[in-house]
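**Student:** Pasting a structure here, questions to come.
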Amino acid sequence: MIKKLNIFSGMQPSGIPTLGNYIGVLRQWKILQKIYNSIYCIADLHYLTNNKENSKILFKRSLDLLAIYLACDIDPNESVIFLQSHIPEHSQLSWILNCYTYFGELTRMVQFKEKIKNKKNINLGLLSYPVLMASDILLYQTDIVPVGKDQIQHLELSRTIARRFNKLHGDVFIIPEKIISKTGSKIMSLSNPNKKMSKSNLNRNNFISLLDQPYSIIEKIKNAKTDSDNPPKINFDIIKKPGISNLLSIISELRGINIKDLEISFKNKSYKYLKNEVTGAVLEHLKILQKKYFLIRKDEKYLINILKSGSKKAKKIARGTLKKVNESIGLLNF
């Protein structure tokens, strides 16, 4: 029997995920859990790098995100689902890996440079974020990491740290490989299709939340940016027609129709017609998802039990890896 490979991923509980997160991440997880030993965390420690809110908000958001995972058919019987903070080995390994990471490597991270723009006081957690991410991945002897294009640099640093450690101490860590989703890995902002759809954007018209009301979804897609071509031309061209390409990507992913086939079916159609079709596809998916979510979210005891069970499974793997790490560098295990 062929041994299943391990796959690891996670999301911060920084609010309800967007349609972009659903298409590019959560739907992929559902598929991947059938193929790999899937380990999915709620990254509440990463959340702290940018958020200093009271504990009740973080706890609520963590359970909200877990309910979203489950509503997207991430199955706790097939996948290990847990809270990052419940496994102290993440922080312990992160400290050790800090000692194998160079300051210059961290300051060169593109996301770090973006996040510190116009900020006076930069917390250390923001700088060392990629090291904690490396410990998340390496702690579970991860073979495969699904990443968006904006996370490739962080994963490459994880691989570099693992190789550096292994060179000194033997084959302690598996060197993880990446898998990148196709079109859906980057659904763009509705009002600025040159930027990724993100819930951190202050303009709520830029993104569709998975819990948006139908009237809000209709209005957001109605106002989505297209272009001024007359007559309208509905074809996929990210450079020349980013708005149209984004709408085509959304309907392609949700309806499972090839982009080329969509271009043929939308030939000589208006932009209004395209937007109506996209709206229908989004409403169709989110109606089902929201019904599941609100049913699951009501049962807080059930959600907490899932996290407890997942933590036990995750801790068993994490302890084994940290024991191996400690022994390799001379830290005593009793």
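For all residues, glycine too, the Cβ spot is worked out from N, Cα and C.
When I checked Swiss-Prot for this same protein, it listed these features:
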type	residues	note
BINDING	Gln12, Pro13, Ser14, Gly20, Asn21, Gly148, Lys149, Asp150, Ile187, Lys196, Met197, Ser198, Lys199, Ser200	ATP binding site
MOTIF	13-21	motif ''HIGH' region'
BINDING	Asp136	L-tryptophan binding site
MOTIF	196-200	motif ''KMSKS' region'
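Distances, neighbours, how buried they are, the whole picture for these features please.
**Tutor:** Residue density at Ile187 (ATP binding site): 24 other Cβ atoms are found within 10 A of its Cβ, drawing on all protein chains shown. Under the three-state DSSP scheme, Ile187 (ATP binding site) falls in the coil class.
Across the motif ''HIGH' region' (13-21), the prediction's mean pLDDT works out to 95.
In sequence order, Phe8, Gly10, Cys41, Ala43, Gln84, His90 constitute the residues six or more apart from Asp136 (L-tryptophan binding site) in its chain with CB-CB distances below 8 Å.
Panel annotation: around the motif ''KMSKS' region' (196-200), residues 14-21, 150, 186-190, 206-209 of the same chain, lying at least six beyond its termini, place a Cβ under 8 Å from a Cβ of the stretch.
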**Student:** Given the binding-site residues Gln12, Ser14, which one's Cβ is surrounded by the fewest other Cβ atoms within 10 Å?
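**Tutor:** Least crowded of the binding-site residues Gln12, Ser14, by Cβ count within 10 Å, is Ser14.
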**Student:** Tell me, by DSSP, whether Asp136 (L-tryptophan binding site) is helix, strand or coil?
**Tutor:** helix
**Student:** Counting across all protein chains shown, how many other Cβ atoms sit within 10 Å of the Cβ of Asn21 (ATP binding site)?
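**Tutor:** Total other Cβ atoms inside 10 Å, all chains included: 22.
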**Student:** What count of other C-beta atoms do you get within 10 angstroms of the C-beta of Met197 (ATP binding site), across all chains shown?
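**Tutor:** Looking across every protein chain shown, the total is 23.
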**Student:** With the cut-off set at 10 Å between Cβ atoms, which of these binding-site residues ends up with the most neighbours? Options: Lys149, Lys199.
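**Tutor:** Neighbour-count leader: Lys199.
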